[in-house]
Amino acid sequence: MLVTIKTRKEIEKIKAANQVIARLYADILPSKIVPGVSTMELNKIIEEYIISCGGVPATIGVGGSNNPYPAGSCISVNEVVVHGIPSDRILKEGDIVSVDTVVKLDGYFGDSAMTFPVGEIDEESKLLLEVTKKALEIGIEQCYAGNRLGDLGNAIDSYVKKNKFTVVRDFCGHGVGYAMHEDPVVMNFGRKGRGIKLEEGMVIAIEPMVNVGSYKVDILKDGWTAVTKDRKRSAHFEHSVAIVDGKPMILSKLDR
């Protein structure tokens, strides 16, 4: 495992890439994610915005020549956990939709995800979004130098279980900055005191994926789309976080 340590200057560059995504999620997408829009239309908005900011939608072509990912964002609706490929699927009132975006800007990568409601959603879905977002916050609270990745994963999993939901185990967070995916692997479950130690200058993407029912998933025939095995709903929130002055700095939180 090769965990890279970033300088303050590099962390600022990674933050700049993340701020493109933060503005997208805060200022642009909320008014666009409405009943009647297709996930392909949303992807077009996302790609055009990233390019207008001087960035590159970095998910395009991931996976290489064998089965390259075809779009500049992953858009996952309802039972889709992650890696939903934008299509002509039309969003309906009551849906939930997770958007996961990676931006390359000035040679550095930012990565963040958020789950949005489409119009009015049911109470269970509201709770799912609240718990997943809070689980991310609880994980970030563990990001102090000297803590271990197991502390982070345990905090996320314990909170999710307390709320009668389940954490997906087949997908996880990761290091980020020089590349889209770096070491270390950042699990959303684990044992306190286990795993590698967090250090000054580490940058990690923390991304709990939380299901209403079973944590188990299936991969569809396209080789990308991950859905819940029981086809119940899933939510996904993600931030890129740096350890600065021994404590967490959220790089993908909008800096007004």
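Just so you know, the numbers here start at 1 and follow the chain as drawn.
Each residue, glycine too, has its Cβ placed from N, Cα and C.
The following features are taken from TrEMBL:
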DOMAIN    12-243  domain 'Peptidase M24'
BINDING   H83, H181  substrate binding site
BINDING   D100, D111, E238  divalent metal cation 1 binding site
BINDING   D111, H174, E207, E238  divalent metal cation 2 binding site
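One way to see the shell of the divalent metal cation 1 site is to take the Cβ centroid of D100, D111, E238; the remaining same-chain residues with a Cβ within 8 Å of it are I21, T101, V102, S112, A113, A205, E207, H236, S240. In sequence order, Y69, C74, S76, D100, W224, T225, A226 constitute the residues six or more apart from H83 (substrate binding site) in its chain with CB-CB distances below 8 Å. Sparsest Cβ environment among the binding-site residues H174, H181 (other Cβ atoms counted within 10 Å): H181. Burial estimate for the binding-site residues (D100, D111, E207, E238): highest at D111, by number of other CB atoms within 10 Å.
When the binding-site residues D111, H181, E238 are ranked by how far their Cα is from the Cα of E207 (divalent metal cation 2 binding site), E238 comes first. Apart from D111, H174, E207, E238, the divalent metal cation 2 site neighbourhood in this chain, defined by C-beta within 8 angstroms of the site C-beta centre, holds D100, S112, A113, G173, V176, V186, A205, I206, H239, S240.
Looking just at the domain 'Peptidase M24' (12-243), the mean pLDDT is 98. A distance of 6 Å separates the Cα atom of H181 (substrate binding site) from that of H174 (divalent metal cation 2 binding site). Counting only the Cα atoms, the space from D111 (divalent metal cation 1 binding site) to H174 (divalent metal cation 2 binding site) is about 10 angstrom.
It is 11 Å from the Cα atom of E238 (divalent metal cation 1 binding site) to that of H174 (divalent metal cation 2 binding site).
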